Amino acid sequence: MGAQRMQRTLLSLVLRLLLLCTVATGKCSGKYHELLLQLQRQADLMQDPSTLLDPYIHLQGLHSPVLQEHCRERPGDFPSEDALWRLSRQDFLQTLNTTLGLILRMLSALQQDLPEAAHQQAEMNVRGFGNNIHCMAQLLRGSSDPKAAEPTQPGPGPTPLPPTPPSSTFQRKLRNCGFLRGYHRFMRTAGQVLRGWGERQGRSRRHSPCRALKRGARRTQPFPEIRRLAPRGQPPGSLWGAPAR
């Protein structure tokens with residue numbers, strides 16, 4: 001287990017260095033397979049429950065099997081696996097971009113409910129993934145625009161926010177737990193789709209980069225600069241109301 005944790009730490013460090021390099025140069029990688037591999041590795045890292053869900057469960061005291069039964073993804077929080085596989089490449093990237101906006105808002109709401117290191121690492125992972133999503137969308141559409149090599153700005157999520165907050169702190173904890181479980185499931189599916197791009201290249205006309213360039217696929221908006229999250233000690237407010245301790 002210690003070796004696996006060390007491996008994840010090294011992978012995270014490598015991905016962070018790649019992100020910093022891209023932002024520093026202001027350019028995206030023009031190599032499709034290299035960029036695709038980075039996206040696959042980032043998705044693999046973000047799907048790991050030990051990066052976010054497990055620290056949340058530990059800190060909130062949700063260890064028991066009975067409570068785990070109620071820590072479930074709510075239908076509609078994230079696009080389904082079937083829906084993701086049906087999307088064209090550009091639509092898939094746009095869906096990832098939109099969903100990352102929801103995840104960033106949720107991370108902001110959970111800032112006081114997660115260990116500081118886990119929260120900062122998760123935020124960095126989402127930003128880096130969003131940066132490479134933009135780079136891939138730019139590569140597929142054949143754009144020469146070098147700007148906006150930045151992570152995604154939080155935008156509209158895939159589903160509306162709940163109209164009313166949960167009736168108790170305990171229910172809010174379970175709701176947040178289910179959201180994080182869904183987040184890891186979503187990233188696992190996203191990684192599978194991205195691996196499918198490499199495995200099926202040359203066989204799928206719909207997912208062909210050349211075809212995407214020829215048909216002038218819909219443009220994914222460049223990612224504007226992301227807002228800085230509120231510092232610890234100044235809670236931004238819960239996604240479903242102010243957290244009650």
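Cβ coordinates are placed from backbone N, Cα and C, and glycine is handled just like the others.
The annotation signal peptide is assigned in Swiss-Prot to 1-26 on the grounds of sequence analysis.
All chains included, 22 other C-beta atoms sit within 10 angstroms of the C-beta of Cys135 (disulfide bond). In the three-state DSSP assignment, the secondary structure recorded for Cys135 (disulfide bond) is helix. Here Swiss-Prot flags Cys28-Cys135 (among others) as disulfide bond.
Taken residue by residue with DSSP, Cys177 (disulfide bond) is part of a helix. Listed in sequence order, the residues of the same chain lying 6 or more apart from Cys177 (disulfide bond) and placing their CB within less than 8 Å of its CB are Leu53, Tyr56, Ile57, Gln60, Leu62, His70, Cys71. Positions annotated as disulfide bond by Swiss-Prot, on the basis of similarity to another entry: Cys71-Cys177 (among others).
Taken residue by residue with DSSP, Asn97 (N-linked glycosylation site) is part of a helix. Per Swiss-Prot, N-linked glycosylation site is recorded for Asn97, and the stated evidence type is sequence analysis.
Annotated region 'Disordered' per Swiss-Prot: 143-171 (among others), in sequence order.
Here Swiss-Prot flags 153-166 as compositional bias 'Pro residues'.
Per Swiss-Prot, region 'Disordered' is recorded for 197-245 (among others).
What Swiss-Prot lists as compositional bias 'Basic residues' is 203-218.
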Would you kindly give the Cα-Cα distance separating Cys135 (disulfide bond) and Asn97 (N-linked glycosylation site), rounded to the nearest Å?
12
Provide the three-state secondary structure of Cys71 (disulfide bond) computed with DSSP.
coil
With every protein chain in view, what's the tally of Cβ atoms within 10 Å of the Cβ of Cys28 (disulfide bond), excluding that atom itself?
21
Inside 10 Å of the Cβ of Cys71 (disulfide bond), count up the other Cβ atoms and send me the figure.
20
